[in-house]
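*Asks:* So that we are looking at the same thing, I have put the structure below in structure tokens.
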Amino acid sequence: MAASRRSQHHHHHHQQQLQPAPGASAPPPPPPPPLSPGLAPGTTPASPTASGLAPFASPRHGLALPEGDGSRDPPDRPRSPDPVDGTSCCSTTSTICTVAAAPVVPAVSTSSAAGVAPNPAGSGSNNSPSSSSSPTSSSSSSPSSPGSSLAESPEAAGVSSTAPLGPGAAGPGTGVPAVSGALRELLEACRNGDVSRVKRLVDAANVNAKDMAGRKSSPLHFAAGFGRKDVVEHLLQMGANVHARDDGGLIPLHNACSFGHAEVVSLLLCQGADPNARDNWNYTPLHEAAIKGKIDVCIVLLQHGADPNIRNTDGKSALDLADPSAKAVLTGEYKKDELLEAARSGNEEKLMALLTPLNVNCHASDGRKSTPLHLAAGYNRVRIVQLLLQHGADVHAKDKGGLVPLHNACSYGHYEVTELLLKHGACVNAMDLWQFTPLHEAASKNRVEVCSLLLSHGADPTLVNCHGKSAVDMAPTPELRERLTYEFKGHSLLQAAREADLAKVKKTLALEIINFKQPQSHETALHCAVASLHPKRKQVTELLLRKGANVNEKNKDFMTPLHVAAERAHNDVMEVLHKHGAKMNALDTLGQTALHRAALAGHLQTCRLLLSYGSDPSIISLQGFTAAQMGNEAVQQILSESTPIRTSDVDYRLLEASKAGDLETVKQLCSSQNVNCRDLEGRHSTPLHFAAGYNRVSVVEYLLHHGADVHAKDKGGLVPLHNACSYGHYEVAELLVRHGASVNVADLWKFTPLHEAAAKGKYEICKLLLKHGADPTKKNRDGNTPLDLVKEGDTDIQDLLRGDAALLDAAKKGCLARVQKLCTPENINCRDTQGRNSTPLHLAAGYNNLEVAEYLLEHGADVNAQDKGGLIPLHNAASYGHVDIAALLIKYNTCVNATDKWAFTPLHEAAQKGRTQLCALLLAHGADPTMKNQEGQTPLDLATADDIRALLIDAMPPEALPTCFKPQATVVSASLISPASTPSCLSAASSIDNLTGPLAELAVGGASNAGDGAAGTERKEGEVAGLDMNISQFLKSLGLEHLRDIFETEQITLDVLADMGHEELKEIGINAYGHRHKLIKGVERLLGGQQGTNPYLTFHCVNQGTILLDLAPEDKEYQSVEEEMQSTIREHRDGGNAGGIFNRYNVIRIQKVVNKKLRERFCHRQKEVSEENHNHHNERMLFHGSPFINAIIHKGFDERHAYIGGMFGAGIYFAENSSKSNQYVYGIGGGTGCPTHKDRSCYICHRQMLFCRVTLGKSFLQFSTMKMAHAPPGHHSVIGRPSVNGLAYAEYVIYRGEQAYPEYLITYQIMKPEAPSQTATAAEQKT
């Protein structure tokens, strides 16, 4: 569903306009003739402006020619010479018939009316550019523009209103009538692609009408030339002639090819257009496409049988005239590497887009010089191999080492590919340069099944390679060596039997191979001998039978040698088979006897012989036919004469006892001879038919155990299973199926047992049959499937018969009851094979059916199943904005960063479709906003809404953001901050009344106390007075740290830089003006803005940026924050699943966050809360973990990042325990873990957490889940208190971002817990 927009990323159609200049692909023109073509002797060619006509016409007039001005010279003239009067005649432009919009009066006009002389050639066209008409006057837009319109009237174009239309018309004064108004309107509609007008105007009478005033083009010429696919389709439906020719001999296909309309070309070819049609100058459509460089069209033409060797009247082939861009297609080199890669990787779509007869056997330019077939065969791409073979791939092609594709397939054991290649004539004993055969390859790699296949096609295991080794020698196991020898002997015997070569049979015959079966067909030597056309087949048959051949052995179709002999009327060997005990009534897979086969073939004498041997003519096949019914009139006559006409008394009593369920009588009467007797006076039913139809379970069981035939058919072709199913006898049906009854057998009306059960509403029977492979798509003689026969309202059976489709439909429609009834462990992940290959969960997720999705997930649905586009259910939910579904899928551990075939993640989907809440949910659970799709786009690149863009920018790490979005934070080392140097932006500190212990002693505004390591007041020599920073930090603050090496090499400090100008900076190698300007202005602002002792900090505070003050580890403030963090580690109920397993942090860095704007916003909100809460703002220092930390320190807390699915709704969550916040660092529940290792318990990667000032104000105490978007009325926050079945530790939730200030940014690692022994040792050492 969500993938329907993919095509826009992969297909971009570019329409190339015709150029007025002569094309480079035109053949060199011959010397100009004495007269300009198309002008009367003694006539001076008129200039384009003289007649008001453009020098060439545009493609919109329905005709495309590869060269000349759009017309063809008479056959006896050179083609398209330059005009003798020097006017610019374009040798490669095309003339298209022009249709004037105004009515044309069919009157005779003098030649002076348009300034054009009559055409003496009589071809209806002129070669002079001055004779080409244009849709507009010479001052209008270029005729090559496809969008330009027709002239409003002939006079507007400088042509007399009485002149005929178009350049293809005879000159004025010739008396040719003008085109009728209705036809003109039709041609104009075809040209413009107005399909509704075309449908209104076209009919059988005018669909092939010619533009008699122009080039005699048909409407199809116009529509094809302009690429109007819809119009072309309609015209073809109306009977348009794809072979219609205009004056120049062009068919519509020429036009479509000339202008590169590949879809129209395909359409015309599919409708029978001749790809090798020649115009009057023997130009084919391929000439046209090649000259114009229409690569796609060239490929389509070649794929449809275009002959690249056809030459025009000048003796030029398409390759000779091809534009350079198209030459590669005609040499087979076009995108050869891509074609080979498509064959290797199995990319059918790509392969078929490039494959032509010219490149189907191309060889790679490097490596092994493989062909596409070599690669497809070696990589087991069965479908690709099929396609290549269908399109003429050479099975004998050799690579650099002399290997044929069969070598590759056999070497890697690809059975199906090997079979395909052999079927298409691959040489089974082909040798490479080292004389290795495919059998050598297969045997040496122990490809047992492939070896058998090769041997069955004549592979010789005795052939030796260049090392003198045979395939048998190279077999790695004794078992394979023995098998190769055995099968080779067996196949040799089969071949000798086929040839009825008595001497060879005697030579190869051995006891162990007498009943050897061909692995694929299961034929024995006896089958081969009786089928042989050679005269000694009888002697060979006798020899084989004497030596122990099984006379009743069956091949894969269950045919005995007697079946084979009878079918071929080999009566001589039938006699031998009968003498050696052949079963006369053995059945093949179709339930046919040898008599059926002989009757079907019309062998009268064979039928007589079989009847004399005891064949039963009353046996009914699985299709419901007796032998007589399958034979001709003569066969029917002799068979009907021998058919018994009444049932014996014993048989009659047995049939009645079976019907009545009289088991004792059945036991007395039943024998192996009459267990399958027939009710000859009735329906020819057997005892089993009666017992099954009357639900006599015990009788059915007894008959089955004593040889009753479950496949026996009555007169109507019904088997016992039909009877049981029709009457709903479940136990009997189950018995019959268990004893091998065919669930898909059909009667004479092609009703299967499933038809019977469905029509009678037998739900359980239908279920049983389907479970055992019944085909619900089979149709009866009336074309009805079992589903069509279900009674209206019987929805349970309807759903059952629809099978997977019903479950998919129920999931799509959100019908939980149907889903519960239909869902089984076998079909819970079934696929919509007619659509996107979606699972029920895909559909439930895409259609927002929460209850269905939950049921499917609870019962084992695959949460990460991919459809044919690679989308998982979360893609669907994200694409359509179904937040609850997405949350449910995440709960069941779906992959939030799963990618489809185009590398789109669910976050890409949500961002592109403007799903804000979905983006927040995905990001909160670890979605990676930096992942790129195949086109290199991140979700941010696809975001359509401003709030989503802001959300994604906040979630992305700074290094992944585009430069324009990167927040600039200044990091200042602790050593640069003196006690008195606190910037003004830190002075607005709030109280920390609620803090106790070491944290309560922290000075809010300062970074350290007076005794904690400051830089001192003394300055080093050479520093600018009052500056507490070095040149490296200054460059970093400007984003110019890459210039540091230059400054260090030249020993330039800040005081030296302060005296430098543009010229001096340029001399030391800083050539970019922008860099020099930034340096000079930066120093000026730095010096001009000094306040206190640290003007650098003041400067940045003025600019409202964020400053990160590095605290020194020995600083009391650092130590207090670390102690608070370490001391609040707790053990959580999830056992470390979310935040990792640890008992201590390794604190790497603690930075104080300074941002004047955020501080002021926090203080303002704190004041509001205090006023609303009796002057108590209730501030706490709390921890916060989030994937948005980088955004928070720059922009503050943003409630848009919140997810409504949290325990207390869409709030911002804080904790007094650092280990609780650690669980959210990579997202809710730990997200997907660290970005590098995808590990929630990673001990390597650095993490970041915030220690924040939070104004709680009046808090609402809550013990259970409550979804809120805002704080409860009269309250400013929610405190989730611990309870028995609720929270283990308290959570603090605010719903306005300005109620918290990120005071400290802590960078840390979790530490792996020490082993107990190590802990004990450490404790002892400490003691």
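Positions of Cβ are set from backbone N, Cα and C atoms, glycine also.
Summarising the annotation, Swiss-Prot assigns compositional bias 'Basic residues' to 1-15. Annotated compositional bias 'Low complexity' per Swiss-Prot: 112-154, in sequence order. Summarising the annotation, Swiss-Prot assigns domain 'SAM' to 1030-1089. The feature domain 'PARP catalytic' is assigned by Swiss-Prot to 1112-1317, with sequence analysis given as support. What Swiss-Prot records for 1-91, 112-173 is region 'Disordered'. Residues or ranges marked as repeat 'ANK 1' by Swiss-Prot on the basis of sequence analysis: 181-209. The repeat 'ANK 4' feature in Swiss-Prot is assigned to 281-310. The repeat 'ANK 5' feature in Swiss-Prot is assigned to 335-364; the stated evidence is sequence analysis. The repeat 'ANK 8' annotation in Swiss-Prot covers 434-463, and the record cites sequence analysis as its basis. The repeat 'ANK 9' annotation in Swiss-Prot covers 521-553, and the record cites sequence analysis as its basis. The repeat 'ANK 10' annotation in Swiss-Prot covers 557-586 and is backed by sequence analysis. Taken from Swiss-Prot, the feature repeat 'ANK 11' applies to 590-619, supported by sequence analysis. Annotation source Swiss-Prot lists repeat 'ANK 13' at 649-679. Per Swiss-Prot, repeat 'ANK 14' is recorded for 683-712. The repeat 'ANK 15' feature in Swiss-Prot is assigned to 716-745; the stated evidence is sequence analysis. Positions annotated as repeat 'ANK 16' by Swiss-Prot: 749-778. Sequence annotations record features per position, and here Swiss-Prot assigns repeat 'ANK 20' to 902-931.
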*Asks:* Cβ under 8 Å, sequence separation of at least 6 from the ends of the repeat 'ANK 20' (902-931): give me the contacting residues as numbers and ranges.
*Replies:* 2-3, 6, 9, 869-872, 874-875, 877-883, 886-887, 890, 896, 937-940, 942-945, 947-948, 951-952, 955-957, 960, 1187-1188, 1200-1205, 1226-1233, 1235
*Asks:* Same chain only, please: residues at least 6 beyond the ends of the repeat 'ANK 11' (590-619) with a C-beta under 8 Å from a C-beta of the stretch. Say none if there are none.
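*Replies:* Distant contacts of the repeat 'ANK 11' (590-619): 560, 562-563, 565-569, 571, 574-575, 578, 584, 625-628, 630-632, 634-635, 638-640, 642-644, 678, 680, 684, 711, 713.
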*Asks:* Within the same chain, where does the repeat 'ANK 10' (557-586) have neighbours whose Cβ lies under 8 angstroms from its own Cβ atoms, ignoring anything closer than 6 residues to its ends? I mean 6 or more beyond.
*Replies:* 524, 526-527, 529-531, 537-538, 541-542, 545, 551, 592-595, 597-598, 600-601, 603, 605-606, 609-610, 613-616, 619
*Asks:* Rank 281-310, 683-712, 716-745 by Cβ pairs under 8 Å to the repeat 'ANK 5' (335-364) and hand me the top one.
*Replies:* 281-310
*Asks:* Give residue numbers and ranges for long-range contacts of the repeat 'ANK 15' (716-745): same chain, 6 or more residues beyond its ends, CB-CB under 8 A.
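*Replies:* Sequence-distant neighbours of the repeat 'ANK 15' (716-745): 620, 622-624, 683, 686, 688-689, 691-693, 695-697, 700-701, 704, 710, 751-754, 756-757, 760, 762, 764-765, 768-769, 772-775, 778.
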*Asks:* Taking residues 6+ outside the repeat 'ANK 8' (434-463), which of them lie with a CB under 8 Å of any CB in it?
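*Replies:* Tertiary neighbours of the repeat 'ANK 8' (434-463) are 401-402, 404, 406-407, 409-415, 418-419, 422, 428, 469-472, 474-477, 480, 483-485, 487-488, 491, 518-520.
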*Asks:* Note the mean pLDDT of the repeat 'ANK 13' (649-679), expressed as a whole number.
*Replies:* 90
